[in-house]
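All remarks here apply to the structure that follows.
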Amino acid sequence: DVVETQEHYKSRWRSIWIMHLTMFLSSVGFSIVIMSVWPYLQKIDPTADASFLGWIIASYSIGQMVASPLFGLWSNYRPRREPLVVSTAISVAANCLYAYVHVPHSHNKYYMLTARALVGFGAGNVAVVRSYIAGATSLMERTSAMANTSACQAVGFILGPVFQTCFTLIGEEGITWKLVNLQLNMYTAPVLFGALLGVINIILIFAIFRECRVDDMGRQCKSINYEGEERGVLDQDAEGNTDHVAVVAINILFFVILFVFAVFETIATPLTMDMYSWTRKEAVFYNGIILSVVGVESVIVFMVVKTLSKKTGERAILHGGLLIVLVGFFILLPWGKKLPNIQWQEIKNNSIPRAIPTEMLMPFWNLQVMQPPSNYTEPVGCPVTQSWCLNTPMIYLAQYICSDILIGLGYPVCNVMSYTLYSKILGPKPQGVYMGWLTASGSGARILGPVFVSQIYTHLGPRWAFSLICGIVVVSLLLLEIVYKRLIAFSVRYGRVQE
């Protein structure tokens, strides 16, 4: 047994914190422009409609889904610095492309689509980040490190729109740098700031990041990747087969967790507009406040779960998190007798109808920019074109807020425990490809979730939509019960460490 030296310990944790920073920057890259995509798209290409905006939003997740297994495979056989630097460089280049999508004389919307897809492709490095953290922490350290990683990701999603808001002070026209044909305005400044953060991240990876590895007991090991000109050799603790039943089960559970959360954040605006007769502006403002509070709640949960897991274990906490999510969606079912206000106003030819299926494919923050003409009075309430509005009871505001709180509590718990259990099940073997598939399953869920809820909610209403979600969560709980005893660490499975 090789005892870890103090120098190795410090280098290992410095590298882990660089991975946390990389995760933070990855999520900022997604959220920093999300509020301004629609007005920028309208400005550079008037031919783009709201349905094309849905493709631009989804392109990030599609790019990440494709890239995650590829970068994961790369990290299994080469130093992780290589895929980390290349992926971050792709994100930097994609952000610069986004800043120049106004330059071409035609097809500008396709350049924007390409830029966002490449940003998502670069974000596929989260598989490398999590696989490195899994190999660089002991079993005792793993939950805490994974929770910190998820917290950094959540903070990135929260602060991205904050950065965007600050850059609105530059204005829509901004400053033009004719030498390089660059317009620095409220649309391009955020992505250029993101590109700058990416360059800083690359510098820190070169300067600070080192390949470090410990076994499940925390003993220093040789790296499983190429480092310098020599390749480390796997120690004997890596001998044994991975439990692929448990691996597939966690992938399914993680897909469900991301799927239901994507449904939750997608349904917020259409649901509140239909149930409470909120205008688009009111729905964006109030839901923005609610989801910001949920984001802060999630960060707190990430911190608390590190301590709680030491007492109860990851499997029990994952079980509890899924139950909380189930209760959260169960509360959303219409139970009362009062019907929502019906939107009877006739849609004129010169008005802008509320195209619910299209809007629901977009996050709530994109709706704020869809401004009606000055002579247009926005109809509010549940549109009569949705036949279920005439016979489905309304969901009271107290129900909605309680549901938000519960889902905001259950989701981060399930997120952290899934990653933690997954990494422990895989054990000391290279985890890059496996982490890539887990990330890809989450990206796929974020693509399919909005599509699912847009169809079910629009045609059948909230009762069917949330009942089906409850059913999906119940099935995932049954799956967890079936594989519960198999969700144990690799070292525990082979008797090298006691659970």
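Positions of Cβ are set from backbone N, Cα and C atoms, glycine also.
Note: TrEMBL annotation is automatic and uncurated.
Among the features that TrEMBL reports, domain 'Major facilitator superfamily (MFS) profile' is placed at 15-488. Note on the domain 'Major facilitator superfamily (MFS) profile' (15-488): mean pLDDT across this stretch is 81.
Marked as transmembrane segment by TrEMBL: 16-40 (among others).
Residues 30, 34, 37-38, 41, 83, 87, 109, 112-113, 116-128, 131, 358, 361-363, 366, 431-437, 439-440, 443-444, 446-447, 450 of the same chain, all 6+ positions outside the transmembrane segment (52-72), place their C-beta atoms under 8 angstroms from a C-beta of that stretch. What TrEMBL lists as transmembrane segment is 52-72 (among others).
Per TrEMBL, transmembrane segment is recorded for 84-101 (among others).
Residues or ranges marked as transmembrane segment by TrEMBL: 113-133 (among others). Sequence-distant contacts of the transmembrane segment (113-133) (same chain, six or more residues past either end, CB-CB distance under 8 Å): 15-16, 19, 22-23, 26, 29-30, 37, 52, 55-57, 59-64, 66-72, 74-76, 80, 83-84, 87-95, 97-98, 101, 142, 145-146, 149, 153, 419, 423, 430-432, 434-436, 438-439, 443.
What TrEMBL lists as transmembrane segment is 154-171 (among others).
The transmembrane segment annotation in TrEMBL covers 191-209 (among others).
Residues annotated as transmembrane segment in TrEMBL: 245-264 (among others). Long-range contacts of the transmembrane segment (245-264) within its own chain (CB-CB distance under 8 A, at least 6 residues past either end) are made by residues 318, 322, 325, 329, 407, 411, 414-415, 418, 421-422, 425-426, 434, 437-438, 441-442, 444-446, 448-450, 452-453, 465, 469, 472-473, 476, 479-480, 482-483, 486-488.
Positions annotated as transmembrane segment by TrEMBL: 284-305 (among others).
Sequence annotations record features per position, and here TrEMBL assigns transmembrane segment to 317-336 (among others). With a cut-off of 8 Å between Cβ atoms, the residues of this chain six or more beyond the transmembrane segment (317-336) that come close are 253, 257, 260, 264, 305, 308-309, 392-396, 399-400, 402-407, 409-411, 413-414, 417-418, 421, 462-463, 466-467, 469-470, 473-474, 476-477, 480, 484.
Residues or ranges marked as transmembrane segment by TrEMBL: 397-422 (among others).
Tertiary neighbourhood of the transmembrane segment (434-458): same-chain residues 54, 58, 61-62, 64-66, 68-73, 120, 124, 126-128, 130-131, 134, 247, 250-252, 254-263, 266-267, 270-271, 356-357, 360-361, 386, 418-419, 422-423, 426, 464-465, 468, selected by CB-CB distance under 8 Å and a gap of 6+ residues from either end. Per TrEMBL, the feature transmembrane segment maps to 434-458 (among others).
Sequence annotations record features per position, and here TrEMBL assigns transmembrane segment to 464-484 (among others). Outside the transmembrane segment (464-484), and at least 6 residues removed from its termini, the chain residues within Cβ reach (under 8 Å) are 245-246, 249, 252-253, 256-257, 259-260, 263, 267, 315, 318-319, 322-323, 325-326, 329-330, 332-333, 453, 456-457.
Contact check: the transmembrane segment (84-101) against the transmembrane segment (191-209) gives at least three Cβ pairs closer than 8 Å, residues 6 or more apart, which meets the contact criterion. Sequence-distant contacts of the transmembrane segment (191-209), counting only residues of its own chain at least 6 positions beyond either end whose CB sits under 8 Å from a CB of the stretch, comprise 14-15, 18-19, 21-22, 25, 28-29, 32-33, 80-81, 84-85, 88-89, 91-92, 95-96, 98-99, 163, 167, 184.
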